[in-house]
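Colleague: Just passing along the structure, written as structure tokens.
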């Protein structure tokens, strides 16, 4: 009689994804971030569920309800700090995961890649609406600034913004619907993650050599199941350490002040993981242009497979493109720094140069380097 896990309709799916899955024997720790993102999502849904049990999405009580969670709910402070910092770890993992995909040519699995970009957009949207919920100063003003960007859309912009707000400013209706979105979106993300995996398991994983690994596969369990557990342990230890020792390190002090529509904070800026996109938005002196650049800074990832010119998949044996890849990483770091700086000289010009370089690397330099390397290898 065959093993139940290989015959049962449901267990068979789990078996083919987590136990008997053939995996390349040489995938490095860079292939751990997919499972780490799954862990992040599970942790965020779990902590978020417990927070939602005590949170009230009303402007009169939202801020106080978060204070109540931290002061009066058993381990509420821990749940809140794990959830807030869990978002940062989520983005660290997602950016490393995307970086791995860019470096090793994983984007050539187009369906998997495009679902991944949609997942990135969904996670960013979830983080944005979630940041509004504590109803602190930066929550309120961040929501005001970012939702206002929709008014740049010709003709329907203003109506669209008021429709999104549910009034003439960010108010109670806005907070209530953002809570609804923030509760709903993670489950949509979980569903999209399943689709992401279905597409991935059609082709299997890439590997650090960028070569076909069909001749050299090992089973996912026990090798990579245990490797993933090691990753889980490291991530959870780091998250718990941050949540226990320095829970406010990555937050904005302005958000410890309740929202006040009459007082604008001196520097409105998002959380660190949005700063690179915020810098690109600010570097264009035209509202609509800035919004389009902001959108395109993420959507450009969908163009990467189309712009792939090299005969080789990974950057492992492509020194020219490797240099450009690390230039891109440095550029994103500079954009992240600029996004948190005030709009004044010399930060304005640095931001504009870095924004130009960001698009120039993706659209011009990487495809050109690929062609040049083809010539070199010919």
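Each residue, glycine too, has its Cβ placed from N, Cα and C.
Sharing the record's features from Swiss-Prot:
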{"type": "TRANSMEM", "residues": "33-53", "note": "transmembrane segment"}
{"type": "TRANSMEM", "residues": "77-98", "note": "transmembrane segment"}
{"type": "BINDING", "residues": "83, 182", "note": "heme b b562 binding site"}
{"type": "BINDING", "residues": "97, 196", "note": "heme b b566 binding site"}
{"type": "TRANSMEM", "residues": "113-133", "note": "transmembrane segment"}
{"type": "TRANSMEM", "residues": "178-198", "note": "transmembrane segment"}
{"type": "BINDING", "residues": "201", "note": "ubiquinone binding site"}
{"type": "TRANSMEM", "residues": "226-246", "note": "transmembrane segment"}
{"type": "TRANSMEM", "residues": "288-308", "note": "transmembrane segment"}
{"type": "TRANSMEM", "residues": "320-340", "note": "transmembrane segment"}
{"type": "TRANSMEM", "residues": "347-367", "note": "transmembrane segment"}
Colleague: Have a look at the binding-site residues (83, 97, 196, 201) and report the one with the fewest Cβ neighbours inside 10 Å.
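Modeller: Each of the binding-site residues 83, 97, 196, 201 was scored by Cβ atoms within 10 Å; lowest is 201.
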Colleague: Enter the number of other CB atoms within 10 angstroms of the CB of residue 182 (heme b b562 binding site).
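Modeller: 22, counting other Cβ atoms within 10 Å of residue 182 (heme b b562 binding site).
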Colleague: As a test: from 33-53, 77-98, 226-246, 320-340, 347-367, pick the stretch that has the greatest number of Cβ pairs under 8 Å with the transmembrane segment (288-308).
Modeller: 347-367
Colleague: Using Cβ atoms only, state whether the transmembrane segment (226-246) and the transmembrane segment (320-340) have three or more pairs under 8 Å that are 6 or more apart in sequence.
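Modeller: No, the stretches stay apart by this measure.
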Colleague: Please indicate, using numbers and ranges, the residues of the same chain that are 6 or more beyond the transmembrane segment (320-340) and have a C-beta under 8 Å from a C-beta there.
Modeller: 99, 102-103, 269-270, 272, 274-280, 282-283, 310, 347, 350-351, 354-355, 357-358, 361-362, 365-366, 369-370, 372-373, 376
Colleague: Which of the binding-site residues 97, 196, 201 has its Cα closest in space to the Cα of residue 83 (heme b b562 binding site)?
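Modeller: Nearest listed residue in space: 97.
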Colleague: Where residue 182 (heme b b562 binding site) and residue 196 (heme b b566 binding site) are concerned, what is their Cα separation in Å, rounded?
Modeller: 21
